[in-house]
């Protein structure tokens, strides 16, 4: 009995020790599982906070036009989180299995209290489980160290991501600056093209001005040459007149003995000349009438042409004004659009600057938050490490106590099991809450990504609209340039036509002046001819009276002779033939006198015709010489053959003079026609010359516009230089801000590394 009691007591002791051992093992397992779960939860919370911060940073970077954020890093982090969660679940399952095993062991120990061998085996199992728990504790310590390494690695990755975000921001800023630089370069190129076109127009205008000055110099030289030619022609005419006077003097010296006038032929020629004069007067009157009619027609045609020219001038002036207005409107529109674009670009730049400032402030805030979170995490990790060390030490102590002691009861095991179940339920609820928050954050990140895509799409649409507007403006500018080139070409053509018309006007004016001088000369010659004709008529009348007196004297002498003959008829018959011979001789003398008078009249008529073409001085000299050299002896000595020869000569001279008169009339008619045409041309050129002030005014307006355009170009160049200086200043400011931020980040990272 005593032995049985001792055995029962020993078995009870063994059972109590086993229960205590199991309680300590369960406590150690529960603590290890709690520690591992706490470490996993802290690590999961830390990883979750890191993940949320990274998602926030990626959202901010997507808002700052840097949507790419290392998808490989995200996948690695998600995979690490998943592995941690799986490990925590496995640890929970192991803890539950251990609890179930302990329950089974309790049941088996409660049923088999009498077996001491089982207790020994259970003690061995407990020892093995103690070794397993030691290994589990070592694994937990290793996991804690690995988690600390992972946290450090995540911090490094966070710093790398910050540097990547800053690089992306810099790249985005550089891209915006490059786009602005390209736009300004394009605008500068367009402005340089405009300046080049305006310089070309200025050079063309200068060339035209130089051409006009050269043309004026040539016109002056031509005027001088024409004046020299007029002087030479005058000298030639004077030389010809002197030569003709000398030849006339020689002819007068030769023909002094061949000039006798005849009364009858003189009267007939006088009648013919009077008829010719009447015919010529009628012709002159008809020419005057024709001239008046032609002048009227010319006046009407000039008025018609003036009206047509005025209408054409009004049309072209209206077209020019419309073109100028269109060009001015186009320039105003282009300027307004350019100003609006500049204002919009400046506003966008200001908005971007404000956005960048906000982003910088947000980054600073996020940096401060992350620093605070990093400090908090470091504190938490330090606390966790201290707690783990304390728990490890406590577990070692407990293990030592378990080695030295034997379990006393199994009630704490049940309590620990219930506590572990409650903790598992709480952890499951926490995990579900974490999963919900993660899903909500994922949805928010997707919504932010969609909003960023919509913003990018809207920005692309705005960019395409601005590009299309730029293309439309370029097309309008090209159309306006084409219209400007067409107008400049038409203006150059009009200027060329005006120059040609001016040259034609000057040439026609010169020809008209020459024709007017020639016509005046012809009128003076006609007046001289009329005056000479009147003088010749008077002289012919005087000569006729003298001849009549001579005839009367001859008649009186003949009557005296007849009386004497009648008185002497009673004389002797032998004297009759003598008287007949004398009478015949007297009759012959009379006929000779008459023929000589007629020949003299014809010669005087030819002389008159020749003198009408020459000067009046030579005529007076000839007449005086003829009157001096004319003697009755010469009149009596001329034979009928000589009279016939003289008559033939005078008839030939008369025919030549008639032909010459006809040629002169034809020349007069042609000169009259030329004078009419030249007057028409003069009027036309005067009308065209009246257009010259308008063309000059247009030229002056074009010069003013050119100077104004040059001033505008200078102002735009100054504005561009100011904008470039502003851009350079903004770049320097951004660089300074970025450098300051980089320095701050480096200092913060160095301070965190040292801490």
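Each Cβ is built from the backbone N, Cα and C atoms, and glycine gets one as well.
In TrEMBL, annotation is done automatically, which means it is predicted and not curated.
Taken straight from TrEMBL:
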REGION    1-22  region 'Disordered'
COMPBIAS  1-17  compositional bias 'Basic and acidic residues'
REGION    35-70  region 'Disordered'
COMPBIAS  52-66  compositional bias 'Polar residues'
COILED    123-208  coiled coil
COILED    249-304  coiled coil
COILED    332-564  coiled coil
DOMAIN    635-740  domain 'TATA element modulatory factor 1 TATA binding'
COILED    661-688  coiled coil
COILED    713-740  coiled coil
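In the domain 'TATA element modulatory factor 1 TATA binding' (635-740), the DSSP tally of helix, strand and coil residues is 103 helix, 0 strand, 3 coil.
Tertiary neighbourhood of the coiled coil (661-688): same-chain residues 283, 287, 291, 294-295, 298, 301-302, 305-306, 309, 498, 501-502, 504-506, 508-509, 511-512, 515-516, 518-519, 522, selected by CB-CB distance under 8 Å and a gap of 6+ residues from either end. Mean per-residue pLDDT, taken over the coiled coil (713-740), amounts to 80.
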